[in-house]
Structure formats: structure tokens, C-alpha cells
Amino acid sequence: MNFNTILEEILIKRSQQKKKTSLLNYKERLCVLPKSVLSYYEGRAEKKYRKGVIDISKIKCVEIVKNDDGVIPCQNKFPFQVVHDANTLYIFAPSPQSRDRWVKKLKEEIKNNNNIMIKYHPKFWADGSYQCCRQTEKLAPGCEKYNLFESSIRKTLPPAPEIKKRRPPPPIPPEEENTEEIVVAMYDFQATEAHDLRLERGQEYIILEKNDLHWWRARDKYGSEGYIPSNYVTGKKSNNLDQYEWYCRNTNRSKAEQLLRTEDKEGGFMVRDSSQPGLYTVSLYTKFGGEGSSGFRHYHIKETATSPKKYYLAEKHAFGSIPEIIEYHKHNAAGLVTRLRYPVSTKGKNAPTTAGFSYDKWEINPSELTFMRELGSGLFGVVRLGKWRAQYKVAIKAIREGAMCEEDFIEEAKVMMKLTHPKLVQLYGVCTQQKPIYIVTEFMERGCLLNFLRQRQGHFSRDMLLSMCQDVCEGMEYLERNSFIHRDLAARNCLVNEAGVVKVSDFGMARYVLDDQYTSSSGAKFPVKWCPPEVFNYSRFSSKSDVWSFGVLMWEIFTEGRMPFEKNTNYEVVTMVTRGHRLHRPKLATKYLYEVMLRCWQERPEGRPSLEDLLRTIDELVECEETFGR
């Protein structure tokens, strides 16, 4: 075994059947787990040929497969699954001890991944469906809650030591296991419950436990301990940019320009992620452009080909780290239009939402809610602006009696609360102990995207519209990655906050509607104009039906809020779409943008791109005008 290898063993893998025509077979493979990948080889250790490799960062779930004494057609009878990208690898171990060892080690390796599934399928995919829930789509959302940290591994007794042999001494534990994890707070956080810990921006904290993806136990410099939101802190490492005020992680070119323009300060700047993974861009504002007018410049941070590599904005001034570049150009323009004078950031201004108001808190006491003005009404009832504990602004949906399948929703709400992303409207909790039930969510100041577009027609640039598409696609890609289907994506179900960020709302809620006019494809309220053929014909929802709806949403955005097929009835739309008719190209959309929409409207689901592919395409379009930097 190689020194860097964690595990190495001959196991049996089942073919992943990535294509419908692929045969189902079971093959013996040498499985090797180093630090960054899971590889499997044909042959033995002496002479082996790699047949496959899975990047550890792409793994979303590792778990034992529940088989209920079903027939396993190979000699190894102890299965576990590795879910990665859009595939599931089933592996069969020769003993329960072997299986437990692999599952435990793999879980340890993926514990810091940001794509861990919320629900998974505990049983095999076989004969065209999952044996646990009988869903027939391979990408169907999981049916059982998945908690990476609640291990299902059985504790097995160690083998009895041989009497005549002396037991070897235990291995010396590696030093790094005892090192403390120190993080830095990026935002202030006020403790709302006794078990919470207050965060002060810029202060350091020691992490004690990570038993929940969204809430970690920590200790401050005074010795106080409690739970903190994990998205409010970042690791204290010299190469971690999150700790710097000038770094804005989730900011595209259009939003960067908007922030810089709002600050309106000479030399205002920020560092943000480039559309090319692993690269960064410096966005810079000057009031005195080349011809005396204000303007923006976007400079790519380049890397040298030397070892160790260096970074630079101006080739003559290369440094060993990005913070060193920024520090240098704060004092020297050196080829830039102006010095980096004033860092512009969202840190400290707009703290991200948290998964609930506190750790393990999803039931909200209605006496803690203050009701204010009405915001609107929808399928489920009236929505009002309110406050929680007279401090935090929230939106409160009062569920009209008979409008929702309440028992099913309450159970699902616990899972939905753990869906947290900057481009999703956060569910904070529910009030279920009285009637009507209340759903408490993040408040979005500018209301629904559809009205936002219609009220400001003629005032949007193409960049601004594309940025809206990017926001929605980021939220939808997160749902896809977590095997969660929206089912009713449209401009009316997206909201806009004060900063102009668009977030996806009401994801998954369509499942709980009891109104036949909305749930039946023949009903007058059924959203036919946003649905692909497999939905209005067979009610087959999947992430690929969400892709179709996303294409229609793009059309809504680039028509500034027009109704799709506005002159046609639902019945006429079904006939037209079935015959291959598609929405026309909006005037504000380029030919290439319209081609992206048409890809979303392919008749067969497998012909449509994934939301991950769409996001990559849109990211490239957003950044395509960045031509500065030499």
C-alpha cells in the first residue's frame, strides 16, 4: 500500500449504467482510497489498470445499502453506495467489518464537502426504479433523510487476539488530529437562544463540534461555548481570502459594478471569483476614465508558470499571494487606471441568512411574531410582513384551511429548512401548534420578480437581465445538486431583495397544494405554459422538468415580464408544444441566449442540459466582456 493511501482492498463494483443501453454487471476491482480521489483498478496491486476515478469533492453521499435479504448476484454480500455527480456507484464488500471500514473512512473524507445530500435512497436502483420508494427517475429526490454524521455502521467486535502472538503496539496518532480549528467571524451574530454563541466580526473562535452542516459548536476567547452559523465564519489560513474585507465571493461583474457605482468612490475596488474556477478578478472604479468620464475596469489576476507560482496584475510586479498583490497596488497604480484606494464589500452590511434562527429550532412560537402590513396573497393564503421577537424582519404566510396537505408539509419543512443558499429564499421555521399554520421565511424587500420586471420595463440593461438569470440558476443548481425538485419555477415564484439579488422561492411547495384546478393538468390554474410535455401529459417531474421551466423563466426575464403564450389557452399551448412550437426570441435576447433557451425546451428530458451545465454557460456569458488585464 502506498504511504498516502488510506484504504486499499479488492471489492466488487456494480456497473453504474450511465447510459440506458449499458449492461448490468458485477466486476472485481482493486479499490484504492488516497486523500483526494476514490479509484478502482482492473487487476492486482502488482499490475493494475485504472478503470475509474471519483473526485472526493464530488461525492454527495456514502451509506450502507439496505437490502432486506434480497438476492445479491455476487460473492460479496455487504453493499454500500457512493453517490457522486448524477451517478451512484454500488460497491460490495466481503464482510460487514470491511464495509464499515470503507463507509467510515469515506465519510471522514467527505465531511467538509458543501454538496452533501439532504435526502438519499437507502435501497438499490434496480429494474428501472428505486426499491425503497419506486420512483422511476434516476435523478429523483431521495426518500429518506440523510445525516452524514449519524452513522448507520454497526459496531462489530474486534477479533480475539491470538494467544501465542504478542499484540503489536498501537500506531502513533498523527499530530494534525490534535490541532485546533480556528475560524474568523465574517459577520456579527446575536445569540437568540441560550445554547447560541455571539459572534463579533473579525474575532477568532475555536470549533469544538461539527455535528450539523449549518450550526457548529464553538468557543470564544473568553471561554464561552455555543452554536454559531457555519456560513458566518471562515478558516484562518493565510491563503483564505474570505477573511479579507475586499473579497466578495458570490458577486458577478454586473453586481460588482452596481456596488462600486453605489459607493461612488475613486479607487473603489473588490476581488471576486472569475468565471474560470480557481481564478480571481479585481473590479475597480474610477471617476476619471480615459476621456474624463467615470468607468469600471476588470483586471484578471494572472499566475506565472514558475515554481513556486506567483500572482500579478502588472507583469513586472509579481507576488507570492493575492493579499500581497492587493497591498502593493493600494500604494502603486503600476499599470492600473488608479490605485486600489477603497475596499467595497458586502461583509458586515448584508449578513447571509441562517438555516433557522438557531440550532435545531424549526418550531416558532406565534407569540414571538409581530404582524405588520399585507404583502400579497397566493395559493396558500395571505402573506404579511412581520417581525420575529420585534427585531428580525420576516415574511409570514398564513395557510388557509384546506389549501394544503399540512401533515406532509410539516414533516418536509424540517428538511427544507436545511436547504440554505444565497440564492434561495430561506425558510426560518413554522408555527404548527395552532390554526392557521404559519410559514416564516426571509423577507424580500422588492417583492416578486414578475412585478419587479413589469414595473421597471425599459430600464434594464442586458447585463442586468442576464445577472437575474444567473441568480436563479445558482439557486436551482443547488436544488439539483441536493436532489430537490422545484416543480413550479416561474418569475412569480422568485423574489428580489433590497440589493437587487433574485432568489428562488416556494421550492417544492406545489406538492402540497390541494386545489385540483392547480394540481390537475386539465385544471384552469395548472401552470401549463411553464411545463414540458412529460409533465402535462404524465405528471413526471424531475430536475429536467425544472430545466424546461428555467428556459421559460429566462424568456420572462428578457421580455421584462410578459406572459408566455399570452394569446393562447392552456389547451392550445399543450397542442402547440406537442407539435414542436416554441416561444419566440425576445428582442433583448441575443441569438446565443435564445439558443440556450431552446436547449432547455428539448422535447426529450435527456436532451436538455443539467442546471450545472446551464450555470457554467451563463457564468461564461456574464464574464465574456471582461477584457481588461494584460
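In case you wondered, yes, glycine gets a Cβ from its N, Cα and C as well.
A 10 Å cutoff on Cβ-Cβ distances gives ASP488 (active site, proton acceptor) a total of 23 other Cβ atoms nearby, all chains included. What Swiss-Prot records for ASP488 is active site, proton acceptor, and it gives sequence analysis as the kind of evidence.
The Cβ of HIS121 (Zn(2+) binding site) lies under 8 Å from the Cβ of THR88, TYR130, CYS132, CYS133, ALA140, GLY142, CYS143, GLU144, each of these being in the same chain and 6 or more residues away along the sequence. Residues annotated as Zn(2+) binding site in Swiss-Prot, with sequence analysis given as evidence: HIS121, CYS132, CYS133, CYS143.
Across the range of the domain 'PH' (4-111), the DSSP-based residue counts are 18 helix, 51 strand, 39 coil. Annotation comment: Swiss-Prot describes 4-111 as domain 'PH'.
The domain 'SH3' feature in Swiss-Prot is assigned to 178-238. Taking DSSP states H, G and I as helix and E and B as strand, the domain 'SH3' (178-238) has 4 helix, 27 strand, 30 coil.
The domain 'SH2' annotation in Swiss-Prot covers 246-344 and rests on sequence analysis.
TYR205 (phosphotyrosine) counts 24 other C-beta atoms within 10 Å of its own C-beta, drawing on all protein chains shown. As annotated by Swiss-Prot, phosphotyrosine applies to TYR205 (among others).
The Cβ of TYR227 (phosphotyrosine) has HIS195, ASP196, LEU197, TRP215, TRP216, ARG217, ALA218, SER358, TYR359 as same-chain neighbours under 8 Å, each 6 or more residues away in sequence. Under the heading phosphotyrosine, Swiss-Prot lists TYR227 (among others).
The phosphotyrosine annotation in Swiss-Prot covers TYR518 (among others) and is backed by experimental evidence.
Per Swiss-Prot, the feature zinc finger maps to 113-149. Broken down by DSSP into helix, strand and coil, the zinc finger (113-149) contains 0 helix, 8 strand, 29 coil.
Each of the binding-site residues CYS132, CYS133 was scored by how many other Cβ atoms lie within 10 Å of its Cβ, and the smallest score goes to CYS133.
Residues HIS121, CYS132, CYS133, CYS143 make up the record's Zn(2+) site, and a Cβ search at 8 Å around their centroid adds TYR120, PRO122, LYS123, TYR130, GLN131, ARG134, GLN135, GLY142, GLU144 from the same chain. The two recorded residues, TYR205 (phosphotyrosine) and ASP488 (active site, proton acceptor), have Cα atoms 41 Å apart.
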